C-alpha cells in the first residue's frame, strides 16, 4: 500500500512574512498518523493550534490565511504546496508569528527544509480524495473546476496584458504521472506589479515584499536582475498556489484541477462546495503498483 508520510526529524528555518514584513521562525516536526498538517503559534500565551482545513480559511486577499477564533496563520499556500508535492500527510508547523515566512517566494526553500529533515513512511495507508463528478466555481470570467481523472493533473491559464507574460506563455498543464513537482513547479516564485506596490502597502499588505522574494515587473520588463526561472514562471506559480490551496483538504487529490484567471478565493469556494457535495468524491487508497501518480521519494525511510 501507499503509506502516510511524516518528517523523520525536526527542522527549523527563518524568514520574513510577505505581508507583515516581520521576522518569523518556522519549525517543522513529525506528527502521528492521521494528524494532518497542524499549525502551532508559539508566540501566543499557552500556545495555539489550528489545523489546515478549507473551512478554516478566513482571508484570501493575495494569500491564503487560516483562522480559528483569535488564532490566525497567514500565507500558508507555499508551505502547503511543498508538503503536497513531497507527499507529507502529517506534520506540526511551529511559528512564532502570524505568518508563514515567504522565503524566496516559491516552495523550493520549504522543499529543501523537508528534504533536510528526511521523510518517514508511517504504518498506515495514505488516503486520497478521488473526484467522481465534475464540480465548478466561477465569478464572471474567472473559474476553477475539478473533474474525474485517474491521476493528478493541474491546468491553469492567466490573462495579463503584459509583454513578458504574453511572450512567456500564459497557459500550462502539469500531469504529475509524467513529470515532477520538484522540477516543474516548486521553484516558481510569486509575482507582483511595481505600480501596485504602494497601494498594497497602504492596505497593510506586501510590507515584506522585495526582489529577493518575488518577481517584480514594471510596465515592460522583469526588474529582478536574475530574470525568470521558467519562461512561463508566472502561470507556473499559479499552479504552485493551487496545489497548496487544494492540500488544505488534508489528502492528495485524484482528479484534474483547472483554473482560469482565478486565485485563492475561488480555490477555497471550490473546496467548500466539494465538501458539501459528498456524491462528487470518495476516499480511496492504493497498492503501490496501482497508484495513478507518485510522490518525490527523496530521503524516505520506513518507520518500524
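Positions of Cβ are set from backbone N, Cα and C atoms, glycine also.
In the structure as shown, the Cβ atom of residue 264 (active site, proton donor) sits within 10 Å of 20 other Cβ atoms. Taken from Swiss-Prot, the feature active site, proton donor applies to 264, supported by sequence analysis.
Swiss-Prot lists 78, 237, 241 with the feature Zn(2+) binding site. Under a cutoff of 8 A between CB atoms, and with a sequence separation of 6+ in the same chain, the neighbours of residue 241 (Zn(2+) binding site) are 64, 77, 78, 81, 190, 263, 264, 267.
Counting other CB atoms no more than 10 Å from each candidate's CB, the binding-site residues 78, 237 peak at 78. In sequence order, 77, 81, 105, 106, 107, 188, 189, 190, 238, 239, 240, 244 are the same-chain residues whose CB sits within 8 A of the CB centroid of 78, 237, 241, the residues recorded for Zn(2+) being left out.
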